[in-house]
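*Asks:* Take this structure, written in structure tokens, and hold onto it; I'll ask about it next.
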Amino acid sequence: MMATEKISPGMQQYLDIKAQYPDAFLLFRMGDFYELFYEDAVEAAQILELSLTSRNKNAENPIPMAGVPYHAAQQYIDTLVELGHKVAIAEQMEDPKQAVGVVKREVVQVITPGTVTDSSKMGADSNYLVAIDRQGVQFALSYMDVSTGQFFVTSLDDFTSLCGEIRNLRARELVIGYALSEEEEQVFSNQMNLLLSFEDEVTEDVQLIDNSLTDLEKAAAGKLLSYLHRTQMRDLSHLQKVVHYEIKDYLQMDYATKSSLDLLENGRTGKKHGSLYWLLDETKTAMGMRLLRTWIDRPLIDLKRIENRQAVVQVFLDYFFERSDLVEALKGVYDIERLASRVSFGKTMPKDLLQLSQTLGNIPAIKNILQQINEPALGNLVAGLDPIPELHALISSAIDPEAQGTITDGNIIRTGFDETLDQYRLVMREGAGWIAEIEAKEREASGINNLKIDYNKKDGYYFHVTNSNLGNVPDHFFRKATLKNSERYGTEELAKIEGQMLEARDKSANLEYEIFMRIRQEVEKYIGRLQKLARTIATIDVLQAFAVVAEQQHLVCPRFTDQRELTIDRGRHAVVEKVMGKQTYIPNSIHLNTDTHMQLITGPNMSGKSTYMRQLAVIVIMAQMGSYVPADQAELPIFDAIFTRIGAADDLVSGQSTFMVEMMEANKAVRLATDRSLILFDELGRGTATYDGMALAQSIIEYIHDKIGAKTLFATHYHELTDLSQTLEHLENVHVSTLEKDGQVTFLHKIAQGPADKSYGIHVAKIAGMPEELLQRADRILQTLENQAPTAPTHPAPSVVEEPSGQLDLFADTPSHPVLDELEKLDIYNMTPMEVMMAVAELKKKI
């Protein structure tokens, strides 16, 4: 835009508002359209496939312009937000017909990926807005689902933990309360693909932010609230009091672990199907579905809480018919959490209140079912089923069950609720009869057989007279409009009736609106009780879902022990089993204790090593959620964390290879795991040379065995490592058995004691469909190699390095190299594998 160009007052208003929201698409209301200008118009036209036009087309520099109809704007807003953009909505704040000069406009809301509450693309899943603050090396993280008002805060000790928690929350927008470093911005923006927003102001709300929080936690929570108030510009009375949590209070799993175990989505397809969530989701309500995802994300480590959940599941299993009735009743429960939020936002529609009324009407039936069961395990759930009878009575008596559309469409309030409104409606009904009487009377008096009364907004009520009958028009008719083939007439009598009817209609519409707003304000008083009810319903729903799945999948109740024993008899991977359908799943048992806490697993690819490892992790997660588990019998310790390295593609976004990712994930395990953790490593070291890979694999096994003592499953293709069982007393060898007959190999998918004797790689290639000629050539090469002297070590390195003998050193007089001196000082047996790698890398630079 040229500086010398003259800007109209309207465009100047646009530019002034746009300057306040430079990082958002500004939808500028102009009549029946939201218009976009300049760069916003160009970019939005491309994204939304809009026609790009221009304002002042004859000017030297026309202003690019694009627009969307106001009544269809939501779908365009949803698309922009879904793609990670912010959208600022500038509305007309006065009637353009009564405006003096430029119509007053203001931004009434900024919709962002983290604050969206009613997008058609949102679904029932939680949508978290995350805020962070920093003080030294300490971080605080606060997050909220604006659509439900749930509000949380925690502290983290380092940047890695912070990023891990943000990933776990699957956040799309991050509110930052401190000055970011370039490295942090690179991680958040490029690697984690977050929309970054910044907030300096802290909202101090004693109703929401507890004084028991640390100052840093208060700052993070307060900045999140401040950002919300700045962008939403509406009532947020549905926000719940912030809940402080500690990450260590739950079974800890990082994002990579959850992805590799297919907990919330299938890691290969990105879809729900084939995930643990898919298996367990027999919920019937939106609240239950969200809570189930939370429970999968955060299994418990508190035995009492786990056993409380198990007890309810057992009750629901014992009372099949009552559970069936409960399931039917839950189907009539709507999303109370989001309905309550819509009340707070002032966006409640008649259908929302009807859904709320229907839900409250179902609560007594649900409560009665649980009371009939009369089991102590259900006591707290029964107590939490508050039917709020006074609210149900208000809505059911006030809102017409056939009410449709918006609050200005009329016919919302039930007949009999308000006497004055009933009188207005009576006038409108009787007026219709009066008009019919006038029409019949004038038709007979005039002799115009096709005389009729019609209505439109411009002319109101009128007599429609065709040109052929104009000679018969009575003298007391007065002309209202002339058309090509007819004319429209009125009479004083018709005008009087019309006036009464229109007055009654307008007063009726205004009164209905007032009544609806009063009801909405009354409903707002119950938001807290509705949210508590929603939590109870969600818990009941998830636990009945656990019972349904336990029955369908033949699951058993796991027992927990503090003796560090892990025994699973004929365990199964329930997700794989369900996906297989009618095919037979081969179960496997596992026993680990203080004497044997590591298994080294060998066997061919595709034989089931990874499934066996995942099976154990999924059973642990299900058990600590309070669910039953797929086994004939299960006795488990309570784990504090699960660490995995089970397959992954190269991390192309961050520029890290498969091997680097392997080492980073292995390093995380050896640094953070305890003797109460579960470690699952699959083919660790495969991403580098044979010597390097086997050396690292052995060193990591030894470190976990000697220093950590965590329950560990370690699958490897390095057959030489099986000899470690001779020196590591807590390690045992197991393998996936095969049946070889007449040159054909069958994978039995059964875990057996001892190491595998072959890898069967060529057979796997055959299954994959490799050409026969290629396979025959590979077999000949294999036989040749097997007959030659081995080029790789046939045994692992000794667990303890022997001291040198007394033999003379030919180079004894050679001066020592500084690198050798530093190398000699390294205490490698008290270092993690990653620390050894980093030290060697530094020494290489000095050579």
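The backbone N, Cα and C atoms fix where each Cβ goes, glycine too.
Keep in mind the model is a prediction, meaning the values are calculated, not measured.
Copied straight from Swiss-Prot:
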type: BINDING; residues: G603, P604, N605, M606, S607, G608, K609, S610; note: ATP binding site
*Asks:* Could you name the residues, excluding G603, P604, N605, M606, S607, G608, K609, S610, of the same chain that surround the ATP site, i.e. Cβ within 8 Å of the Cβ centre of those residues, in sequence order?
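*Replies:* Near the ATP site, beyond G603, P604, N605, M606, S607, G608, K609, S610, sit V736, F747.
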*Asks:* Counting all other Cβ atoms within 10 Å across every protein chain shown, which of the binding-site residues G603, P604, G608 scores highest?
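*Replies:* In terms of Cβ crowding, the pick is G603.
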*Asks:* Three-state secondary structure of K609 (ATP binding site) from DSSP?
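*Replies:* In three-state terms, K609 (ATP binding site) counts as helix.
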*Asks:* Taking every protein chain shown into account, which of the binding-site residues N605, S607, S610 has the largest tally of Cβ atoms within 10 Å of its Cβ?
*Replies:* S607
*Asks:* Pick from M606, K609: which of these binding-site residues has the biggest number of other Cβ atoms within 10 Å of its Cβ?
*Replies:* K609
*Asks:* Using DSSP with the three-state reduction, classify P604 (ATP binding site) as helix, strand or coil.
*Replies:* coil
